[in-house]
Amino acid sequence: MDMEKARLRSHMLIESLPYLQKFQGKVIVIKYGGHAMKDTLLKQSFAQSIALLNLVGIHPIVVHGGGPQIGNMLSRLNIQSEFREGLRVTDKATMDVVEMVLAGSVNKEIVNQVNQAGAKAVGLSGKDGAFILAEKNDLILTKENQPPEIINLGNVGRVVHIETSLLYTLIEKGFIPIIAPVGTDNKQTYNINADEVAGAIAGALKATRLLLLTDVEGILDLNKKLIQSIYLEDTPKLFSDGIVFGGMIPKLQCCIEAIEQGVEKVVILDGRLEHSILLELFTDQGVGTEIVKKPV
């Protein structure tokens with residue numbers, strides 16, 4: 001390493017110092033999904049970032065998705081999968097595959113990668129200790145001058161309650177929870193949107209940060225420029241102006257709910273960027289779009 005590179009790295013370490021102190025002992029919830037879960041280099045850098053947070057005294061909690069992996073397994077098993085309004089209709093056969101993939105292969109791969117990076121990760125689904133209590137979530141479509149249409153999505157659920165004691169026990173012992181977004185009502189098993197689970201966990205724990213990894217830079221304005229920061233109170237305009245649409249709508253709704261439940265800051269950031277988590281947390285500029293409450 002030449003002297004200039006060494007000097008640059010030393011400056012980066014010094015820049016991170018106040019943030020390391022600020023986040024010491026704090027809970028940070030990360031939603032892990034998209035391209036960051038597919039690319040080999042990004043998977044490795046994600047695991048290293050999570051391990052680093054843990055090793056410097058921060059408490060990361062990871063909630064992961066797995067839609068493409070579920071789709072691949074359903075195809076291999078010749079199980080047809082139906083989508084309504086972007087949501088997977090989850091019958092009994094599909095739910096068995098969803099649970100097998102999310103709580104099994106995907107979850108354990110992430111656990112193994114974080115462990116290899118030098119930390120201690122533990123894989124969970126919401127059925128462990130019934131810590132994610134859920135209920136059935138049917139889709140209600142409303143059309144002008146017509147009665148609402150209720151669409152049965154099968155075992156698609158929504159979060160009712162997060163039992164935090166299991167998570168606190170793990171992080172206090174230095175473990176990193178890696179969570180598959182599967183919930184239960186103690187009778188049925190439910191497939192839940194991973195963004196919703198991450199937001200609910202962050203809110204229940206009053207996390208310092210909720211970070212959502214996506215396949216875009218963050219929220220873009222109508223000129224396709226990154227919105228670096230927005231107040232919670234100004235988010236309705238993002239919907240009314242058509243700035244957020246499609247899959248970004250439920251993502252932003254989860255962000256809003258998390259802040260309303262006590263999360264200090266939510267950031268939507270680009271998971272395609274290597275070590276984007278560290279760049280967001282430990283640099284002056286940060287990356288992505290941050291959402292915070294207006295100061296009183």
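Note that the numbers count up from 1, one per residue, in the order the chain is shown.
Including glycine, each Cβ sits where the backbone N, Cα and C put it.
The shown structure was predicted, so the numbers you read here are calculated from the model rather than taken from an experiment.
Site annotation (Swiss-Prot): substrate is bound by GLY66, GLY67, ARG88, and the candidate from ASN186, ASN191 recorded at this site is ASN191. Its Cβ placed at the centre, ASN191 (substrate binding site) has 27 other Cβ atoms within 10 Å.
With respect to their backbone Cα atoms, ASN191 (substrate binding site) and LYS31 (site 'Transition state stabilizer') stand 16 Å from each other. Counting Cβ atoms from all protein chains shown, GLY67 (substrate binding site) has 16 others lying within 10 Å of its own Cβ.
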